[in-house]
Amino acid sequence: MTAKQSTLDTGGGETVADELAESQRSISIAEFFEKNKQMLGFDSGGKALVTAVKEAVDNALDATEEAGILPDIYVSIEEAGDYYRLVVEDNGPGITKEQVPKVFGKLLYGSRFHAREQSLTPDQRILVRRDGSVEFIPIGVLCDAYLTADGGGTAPIPDDIEAPCFDRESHELTWEPVTHAIRHRTDEQTYEVTTERGRSVEVTGNHSLFGVSPTGETTELKAGELTPGDAVLTPRQLPRPAETVDSVNLLEHIHPEQLDERRIYVYGFETETLSQLRSEETVRRKPSPESDRRRTYYVHDGVEILRDSFEQNYIQKGYLPAETVRELGWEAKASDCELKTYRIGGEATTVPVTVPLNEQFLQLLGYYISEGHAGARQIGLTFGSHETELIQRTEHTIETVSGSATTVAHERNSTRVKGFGSPLALFLQNVCGDSAATKRVPGFVFEMDETRQQQFIAALYEGDGSDAYPGNELSHTTTSQTLARQLSTLWSMQGVVASSDAVENPDGYAGERGKTAYRTKVYGEDVRLADVFETDTETNSQQYKRIPTSLLDEVRVGESPTNRVPDTIPGLLLAAGVGSGLGHAAVYQSLIEDALDGEYVEKPRYVHNLIEWELLDDNHQPTATLRRLWETIQELQGLTETDMCLLEVTAVEETTPPEYVYDISVPGPNGTDENFVVVNEGPLAVKNSRGQQGIGISAAVLYSQLTSGKPARITSKTGSGQTAQQFELTIDTDSNEPDVELAEETTWERPHGTRIELEMEANMRARTQLHDYIKYTAVVNPHARLEFTEPKAHEKYERATDQLPAKTKEIRPHPHGVELGTLLKMLAATESYSLSGFMQEEFTRVGTKTATSVLDAFRDRHFGREMTWRPPSATEEADVAAEVREATSNKGAEATEAFATTIAETIRERDRIAYHEIVSVVADAADEAGETFSKTFGEAVRENAVAAAWYACTRERTANLYPIVDGATTKRKDDAAVEGLARRLAEKFADADDTRDRASYAVLEEYVGRAADMTEEHDDETFGETARENVVDAVWETMVTVPDDPPKVSAVVEDRDAAAQFLEAMRETDILSPPTDCLAPITAELVEKGLRKEYDADFYAAATRDAEVHRGDPFVVEAGIAYGGDVPAEGNAEVLRFANRVPLVYRLGACSTTGVVKRINWRNYGLDQPGGSGMPNGPAVIMIHVASTNVPFTSESKDAVANVPEIEDEIELALREAARELKSHLNEQRSLEKRRRKQNVLVDILPEMARKLSEVTGREPLNIDDSLARIMNNVLVERTVTEEAVELTVQNHGSSSAAFELTDIVSEDPGDVDDATVVEMDGEWFVKWSVDVAGGEETSITYQVSHDAAFDISIEGVETEKVTVNA
Amino acid sequence: MSQTDHDIQDEKARERLIELAEKFYDQFEGGDVPSMEIPTRTKTNIVFDEESGVWVLGDRTSTRSANSVRGAKKLLKSIYTTEFLERQLEENRSSTLRELYYLSESWDNEHAQFDNQDESNQLIEDLELVSGVTREDFHMRPEESGAKVMGPLHIREQTNRGDRDIHCQDDVGQGGYQIPNNPDTIEFLDCDAEFILCVETGGMRDRLVENGFDDDYDCLVVHLGGQPARATRRLTKRLHDELGLPVAVFTDGDPWSYRIYGSVAYGSIKSAHLSEYLATPEAQFVGIRPQDITEYDLPSDPLADSDTNALESELEDPRFQTDFWEEQIQHQLDIGKKSEQQALAARGLDFVTDEYLPTRLDEMGIL
């Protein structure tokens, strides 16, 4: 608070100062501001000014554009005593007193910043991944690495550091980039929160962990408000590596200094590889200062290799000393080689450089970590003497890996297995640690696949002597805290939540007395992992697969016998006090379900209890209480099947706060899921701060108030008739409320507008950025007029167009862009009843037709399709008419016959028919027959007829399916097998519960799968994946969408599966891209105008791409290029970046636009680009604008556009489009240059030629202009002046037409001239014609003027090189 | 020819040059781009002139125009050269091609100066073509001296130092009579020769002279010395045309030597515009024929790639499209060998004069 204190001392408004002094409490907005001023862009006087200008100008632009006014913005910075005064004025509609706080205090008005103070103490270990390898780093260490300055602050972290982060909607954990490191001072209380399974984290009181609400939603729980018994969300399944490793290169894990003086060699290099060492220079020098002879060395990559050794040994035998290999960095080149070492006594041992991570090797690692130690030349593992089997296995393993001999030394109580092989020993020592307390899991273990990790874990426990203890528990004890932490994390990668605890003075640890041992245990079914350990009793489901009963407190009807329940329906009922055990609860479940289905339920005792609990009413019907309970149960059911589970808080203790606390920013999978994982003992998820974000003008108001003590002064005039009003705005830093006072009424020359005046501590060090910002704003807003005054400069940026940017329209979401969570919310909120109406109402680009397509796709998913069959022909045994006749009774022969015949004939007309189609055929026939014969064909008759007809149509399912299956499988398949598959598939349809032959795609897959399995078994024919898929697809094609009404919106809201099916149907359906009038492209024309306005270049090009869509968000990319002229030629081209017409001025390097600029080969377009990639050089300005409803930024700070391939592609295309124009311009320049040079030479030669010719021929001197013009394909303008008239002849000697403006400047008044404009200026008459002469043609202009007149011709619109004026 | 004749000829040459300049002048004056059209001098643009029996330039021309910087420079040089030649004729002086090249260095416009001698040589040929005046009539001499003649011929040569009567056996040394640059200054006084034998190499010429072949067979031995100079060819033609002497050409047996024969008999590509003035279509080829290599089992060298290429290119050369040549060249390609004239020495020093030439010349109907 020192900065602020000093501000107060130096004076300022007393009232404000008092208020500020009052507000020194930790929660004050002022302190928040102080802590976060770097994030807010006010961390230095220079930057503060830029930020304030930026915010004020953005505000002004918004205000004017919204009102459809061409912006006229005035920015002035002036010195005012010790401070700087910033004035920003616009000609917007002005604001009223009521609007002032909303406009200038709007962000502070809310409480968006409060969450920022949450932080962790410095030694909290966080789980991060860097270059694919997993690390546990204390948060303080990580952040300090990026925060170079002392004190509080924020610093960006490069993209390559990732942390596990869970999606609050789906509870899926993924690796997400960490964007910022944050450190600040705190006097906030800190707490250590401990959960069951022995996990803990130390955080500030307002730092959140996560929990789940009774409705299944993820909630944030402040550490300071947690109490034991609360359940916090914890990672159950940490994300696995995307790419796994299956071998390890030993050399990479041996340090060069360890190899020094140690005779380890790498054998097996190709001569070709080694020969590279000779390829560079050779030096001669003394091997050491005292040696008297100089020796020759090859130098390769700076590594010196003694030539004698190389030529006589290395290259001959194909080896190098291991030390040299490391120095050269040739570990990868050596991957197929072997490490050889010689024992004293001569026998060589060899170890491959690359060791496969197979079970044996992982066992060795596991045993070593548990029991091993490594010396310089040997690995020793100590086992209890009874562990014979383990000793043998270990010996065998060491032998297999190293091929070296092992010795077994029997001691009193133990057996030592010694394996020789120095490289292996070094490797183990390095990757696993060499003493009990430093033992750790090698990094590559975290990158292995699941099976290997499990083999490793098993070996670790085995080596530790653990077996499944009674009670189905596996326990691993170590004095290495790191190892325990890693092991717990490894378990989490297997989806197992291990339990950690620390044991002081553990028994049985001779020599380790006084130390702490860390125990990692797993229980129950988890023990069975990797098939190594057996369990001896039936295991219950794990506690962490259970949820606390407290979640059901609100709907509870009675005491629960337990405080943790499985997340099944019976379990949840139990939690609500329904039933006394899971078995009871299951009975209750079925009763409740029946009751909810509208049945009258009856079961002694149970129903009585349900009525007692008021879940059923006296009529045995569900009550509102039951419905509420049921809803909660539905939400919570299956909660732990995600990557997260719930652990109960066991203790919350206050701790002594450190001076600084830390946080990192992890935006998470959708940018708002800020959280990461702490692993002190085992993984725990914690929430994190948001990164830097745009704050708005209010921060500038606060900054000026804090630094100068003066309120912001706002002047506003809402219309020309009105008087201007001046307000003073201060922000009450205690309550965070803006305070506005009307200071006076005043006059203002502007008809309307707003003016803000801020006085602040500042300096002009960021002058360049200020000017850049204003200039870029002018480029991108060519419709705006900007004026900028600062103590040393005054710039005016005039308007280049009167065209306001097109007004953007708000659009509804596009069906391809929504997520399930959003969809559910929208479904819950809509007023539509039907899904069709919902889609058309709530989404863009959905009309009746699209809605119908989506609903068809949804029906296919929701109800399945119905199979269609070929109706039997008249001659076939299965006779529809006969069957129907048979099934119809009491309708009289005639009517029955007509009814049956109609049905049979209608069906026979069909190519294929499905059940529901038969239903409608029968209904039509019944109506018809009923009418004709005045008989009633009732429901029963119809049903019988349908059944009969369906029976007839489905008698030959096999024959029906055979051609389909045959067509979908290859010709090579055995006919009997195809027939077999068709028959079995037919049986699946026949045997299905659904007699309508209705099946979803998944069910059909299952049918085909089972039929194919059976066929493989019996008919000795294989049906591979593809064959099966083909059959499924072919059958699915013949199936038809059913006419059932899709569920109503209300039903889908309740049914997550149905909603997911609905979402899938929307995504699968082709839907027109979203409209783009919601975007605000500048347009190519205005991009060019903007550039032209601010850059005095020779050439301008611009391109606007068509709108594209990225994840449902439309976007448009524009690019512009200015080249040559006054653009500085030295150094890189200037890159201007804009997102939604706002200049991006920071983090150039992190922006994907820059990446795209760098990856284009600019040489193709005539720009200089050293090396053919990277930033182009030369006098060029490159502008990129991305407009989107949702521009993806790399972080909340919105300084850089994130790498989205679709957007990058468009940026590239836009740039290339503009660059092509540049190229043709440059080519033209080059050809003009060539022409100029040609002309220069010819202008020299031709007169000489002419002179010589006159000499030789003795004739008059020649005029050669005509010839010259003709040679240059030029336009030649010649004048003939006679008494009567002036004639201008224009000859176009080129091949293409020439159109230009020709002005004859005449010293006498020519009067009116036909086809020309005549303007008199300072006694001269400008006679101007538009001339257009086709290639090879000639034209002439005649006008009258006094023949005393003097003339001067000027031509515009054609390059001067191309014109020869002879007049 | 009398002095006046020469003056008239010089005047005519001068007029032609000025006409050329006037043509350019007119083009400029008319606002056109100055240009000149020059027949293309390539193998593909020579045609057999039935009437004269020689190969002359065809119709194809290329235009050189001031349109391009290159063309303009060439034209500028042409004009400067024209002026120089015109003045030289006026002053009745002469100069060599090489002198012209160096002389251009003194011209005031550097664009008019020649870059190398090939350029100036070519430009003179261009001017010959466009003006229809021979180089000799421009008083331009080549640098190298003409070849030598030995045999029973009595001539009178107009030299700068007056007329000289010379007998090409009696009044000359072992080397023979040296042909002047412009053989048109020679008058034939008397001739006892029966035929002309043009010999490619100096060694063979010396062998023939030493063996007294010219005496024994009343033969004019003309030394060609590789590709014969214009003067040598012109003299040969005059001797043939004016004295009715048959001409036989005796060269090495390789493709390059056939071209030497070709230029004597049919004219060269470079001077195809002067073929009628230089070529002696009646000249016959003695040898060494590829057939001789086989028949006499002459010592030989294998054909190099360049030889093969040259032979193949000759097969396509319109000048060699005769049965004789096609047969011989094909034969040579088959045997893959070439032999020099001197290879005949393998049969003894006198073999060539006693055996080979008499037999060949007899076969050819010359003896």
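Just so you know, glycine gets a Cβ as well, placed from its N, Cα and C.
Because TrEMBL annotations are produced automatically, they should be read as predictions rather than curated entries.
The domain 'Spo11/DNA topoisomerase VI subunit A N-terminal' annotation in TrEMBL covers B:73-139. Here TrEMBL flags B:Tyr102 as active site, O-(5'-phospho-DNA)-tyrosine intermediate. The domain 'Type II DNA topoisomerase VI subunit A all-beta' annotation in TrEMBL covers B:143-192. What TrEMBL lists as domain 'Topoisomerase 6 subunit A/Spo11 TOPRIM' is B:195-361. Residues annotated as Mg(2+) binding site in TrEMBL: B:Glu200, B:Asp252.
Comparing the recorded positions B:Tyr102, B:Glu200, B:Asp252 on other C-beta atoms within 10 angstroms of each C-beta gives the minimum for B:Tyr102.
A gap of 32 Å separates the Cα atoms of B:Glu200 (Mg(2+) binding site) and B:Tyr102 (active site, O-(5'-phospho-DNA)-tyrosine intermediate).
Rounded to a whole number, the C-alpha distance linking B:Asp252 (Mg(2+) binding site) with B:Tyr102 (active site, O-(5'-phospho-DNA)-tyrosine intermediate) is 36 angstrom.
Residues of the domain 'Spo11/DNA topoisomerase VI subunit A N-terminal' (B:73-139) grouped by DSSP class, helix first, strand second and coil last, total 50 helix, 2 strand, 15 coil. In the domain 'Type II DNA topoisomerase VI subunit A all-beta' (B:143-192), helix, strand and coil residues by DSSP number 3 helix, 24 strand, 23 coil. In three-state terms derived from DSSP, B:Glu200 (Mg(2+) binding site) belongs to neither a helical nor a strand segment and is classed as coil.
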